[in-house]
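Okay, so here's the structure we're looking at.
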Amino acid sequence: MSEFDPNPPRRNFYGRRHGKTLRQSQKGYLSEDLGSLRPRGITVQENPERKPVAPSTIFGDDRPVWLEVGFGGGEHMVHMAARYPEIGIIGCEPFINGVAMLLGKIRAAGVENVSVHPGDARDLMDVLPDASIDKAFLNYPDPWPKARHHRRRFVTPEHLIPLARVMKPGAEFRVATDIPDYVRQTLEEVPQAGFDLVAEGPQAWEDWPSTRYEQKALREGRVPHYVTFRRRS
């Protein structure tokens, strides 16, 4: 098992880890850039005792820290990092093609306030201290459309309870999706995990960049939906 294997045997993971063959440039990003951007002590192999990993050890100071779960191709994460250079942003993504795409965007944009965990967000949340995250994002997550797979969605207690634990009281949690049933489940499950609904509807946030997933939804006639929660005090 390699040092970067994000699939610990203690936990099920659903979904793809690899897609189409990576370009040589993307392979270069992974071999040259990921090592310096990857937070240490997240995987079970590196941290079997699951000792806490403070965000200040990741970014080297006590700046506010945001978390993006499943950053896809990285458009949103890099946009936010460039717009808010005083913030540290940790992104989690187990799909290696998405990680490679993000690394290319990071290199092109020259942003330095990012950290990339190429694995399951649950492994990161396992070791983050209580109330250590100032804002979190879940943008166009895997919809798992079949009813028997709905419990694999991120908006379930298995994911939301750990997320609530690591978020500061009053911290904002944003969800973007174009799947009506995902909106339904989000509105049902997230408040039960300790969040209050702030806003929901088709109007995007002021600092939202249009992503390739959003553009695909619009081309195919689906209406994007944006939901904002706040961590209950």
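Backbone N, Cα and C define each Cβ position, glycine as well.
As annotated by Swiss-Prot, active site applies to ASP142, with the evidence given as similarity to another entry. Other Cβ atoms within 10 Å of the Cβ of ASP142 (active site), summed over all protein chains shown, number 16. Secondary structure at ASP142 (active site), as computed by DSSP, is coil.
Sequence annotations record features per position, and here Swiss-Prot assigns S-adenosyl-L-methionine binding site to GLU68, GLU93, ASP120, ASP142 based on sequence analysis. According to DSSP, GLU93 (S-adenosyl-L-methionine binding site) is assigned to coil rather than to any helix or strand. On its own chain, GLU93 (S-adenosyl-L-methionine binding site) has GLY70, PHE71, GLY72, VAL99, LEU102, VAL116, HIS117, PRO118 as residues at least 6 apart in sequence with a Cβ closer than 8 Å to its own Cβ.
Counting only same-chain residues at least 6 apart in sequence, those with a Cβ under 8 Å from the Cβ of GLU214 (substrate binding site) are TYR140, ALA176, ASP178, PRO224. Annotation source Swiss-Prot lists substrate binding site at LYS146, ASP178, THR211, ARG212, TYR213, GLU214, citing sequence analysis.
What Swiss-Prot records for 1-36 is region 'Disordered'.
In the three-state DSSP assignment, the secondary structure recorded for TYR213 (substrate binding site) is helix. Within 8 Å of the centroid of the Cβ atoms of GLU68, GLU93, ASP120, ASP142, where the record puts S-adenosyl-L-methionine, the same chain has further Cβ atoms from VAL69, GLY70, PHE71, GLY91, CYS92, PRO94, PHE95, GLY98, ALA121, PRO141. Rounded to the nearest whole angstrom, the C-alpha distance between THR211 (substrate binding site) and GLU68 (S-adenosyl-L-methionine binding site) is 14. In this entry, LYS146, ASP178, THR211, ARG212, TYR213, GLU214 make up the residues listed for substrate, with the farthest two CA atoms of the set 25 Å from each other. Reduced to three states, the DSSP call for GLU68 (S-adenosyl-L-methionine binding site) is strand.
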